[in-house]
Amino acid sequence: FLAAADGLGSIAIDTTQLNMSVSDPTAWATAMNNLGMVPVGLAGQQLVTDSICVPGFDPSLSMMTGITPINPMIPGMGLVPPPPPTDVPVVKEIIHCKSCTLFPPNPNLPPPSTRERPPGCKTVFVGGLPENATEEIIQEVFEQCGDITAIRKSKKNFCHIRFAEEFMVDKAIYLSGYRMRLGSSTDKKDSGRLHVDFAQARDDFYEWECKQRMLAREERHRRKMEEDRLRPPSPPAIMHYSEHEAALLAEKLKDDSKFSEAITVLLTWIERGEVNRRSANQFYSMVQSANSHVRRLMNEKAAHEQEMEQAKESFKNALTGILTQFEQIVAVFNASTRQKAWDHFSKAQRKNIDIWRKHSEELRNAHSEQLMGIRREEEMEMSDDDSGDNPTKKLRVDDSALAAQAYALKEENDSLRWQLDAYRNEVELLKQEKGQLFRTEESLTKDQQLQFLQQTMQGMQQQLLSIQEELNNKKSELEQAKEEQTHTQAMLKVLQEQLKSAKELAEINGHDESQANEINVLTVALVNQDREKNSEKRSPSLKSEKEALLIGIISTFLHVHPFGANIEYLWSYMQQLDSRISANEIEMLLMRLPRMFKQEFTGVGATLEKRWKFCAFEGIKTV
């Protein structure tokens, strides 16, 4: 009953099909036949023979090979006529089941709408079910479309059905619009209009993705195999340079059969930069061995040229013999065309002889032109020589022999000159090594003197810096002492005036000595407070809690660096804790606390460096 879903059917529609009775047993068979399935009757008997169906049809072929499933009832296979035109409506028929009956929709109504098909869809949504429909009835209706793996029925009038294959969904969509009636009941709860649509299920999408990934893996594997098949073989690995490998390579360079392999290794070593003063002689000998093959290659070329000349000569002789035979054949044809023999031939024979004669003349002319071209090339080669006489040829041969001897002598002279240069280089290396031995002793004494001088200069610089720091400290102490002295003198004057005024008041008021003693105690307390204030002024006060925290972190950092640290190193460490702090701020804070942090200079000249050290514990010990 999926003829419309597959786009199949007959062009001519019989009118008896429109008025078919509900009890007609052939309706179900016709619908199942249009589906491409073996129809089964109400009692389970087969209604259509196996000869109608295509033997061996496997609907799951698409899952394994990716080929679109073939419907055995498609037109062109000889089972059904071609599809009807689109303007002719497809008539659906009544479907009878054991527990229910399906009535087709009005053919004049538009087909039911469906959503876009999700990829790998195997699940359909079935709505409009009768209220009294059970899972067994639903399975009985939809199992005709294919194997059902799961049915999820809701309490309301719909359910979800998952099939084993994707093409079974198309057969289920065909039932959309049918009116379903349970048994022969006319109750509303026993009837409903089916609406079948595609459903989006996670399991279907997951299986589809797995299938796509499998196909992608197979495609990548196929491409990789094709690339590996077409990829040229990689060249063999070239060993690293060593004296042992160089000796083996020199032997291979002398062997004609291994020369091509050895010359690539030599070229690679030279390009890698393996040539130095120590290995120059060995590489020169290998280059010389490579040069010795030039003569062999020239001899091989001369032998091949001689073979080519012999082949040309044999080709010319064979061509001359062929041309003489062609001349004889043409002479036979010309003799046949004379009147003595020509009159005795028939008309057809004369025609054939004439055609054969023309064809032979054309071939003879082509071969004669080719032979003449070869002779012209030989004449041109002969004209390129100085002259064609025998004495000059002998002189030319003698000149070539003398030139070869001169070339050989030149090669020997070059090889001796290069060997002499190599020996000179070795002598220079030995001289340099001996000179370096004498120079090292002198340079050691000079270096030691320079080190001693640098150390003394560093000590003097440190002494000067320490003296300067002491002077600055003394100056600051003197200034503080002067300020304290002036402040105490002023306070004493004020206190003396206050005492005088207090005594006068006491005398006027007639107070006793106890009150005077209290006044003296107050004055002593005021003096002590002034001294404490002066001491606080002397010691630099901390402005905020942040400075105290910075002093603690810096003290800890410098305590674990006993040799001190420069301000840049200290600032980079503090930047990790507070990115807004600056190096100048840290340096000012260190300069404000000379008893906790001291500054030292190390190095000489360009290597002079200023370092800060933690000295609070030293001050405690001295105190």
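The backbone N, Cα and C atoms fix where each Cβ goes, glycine too.
TrEMBL entries are annotated by machine, without manual review.
Checked against TrEMBL, the range among 91-118, 175-202, 203-230, 287-314 recorded as coiled coil is 287-314. The helix, strand and coil residue counts that DSSP assigns across the domain 'RRM' (122-201) are 18 helix, 28 strand, 34 coil. Across the coiled coil (287-314), the model assigns an average pLDDT of 89.
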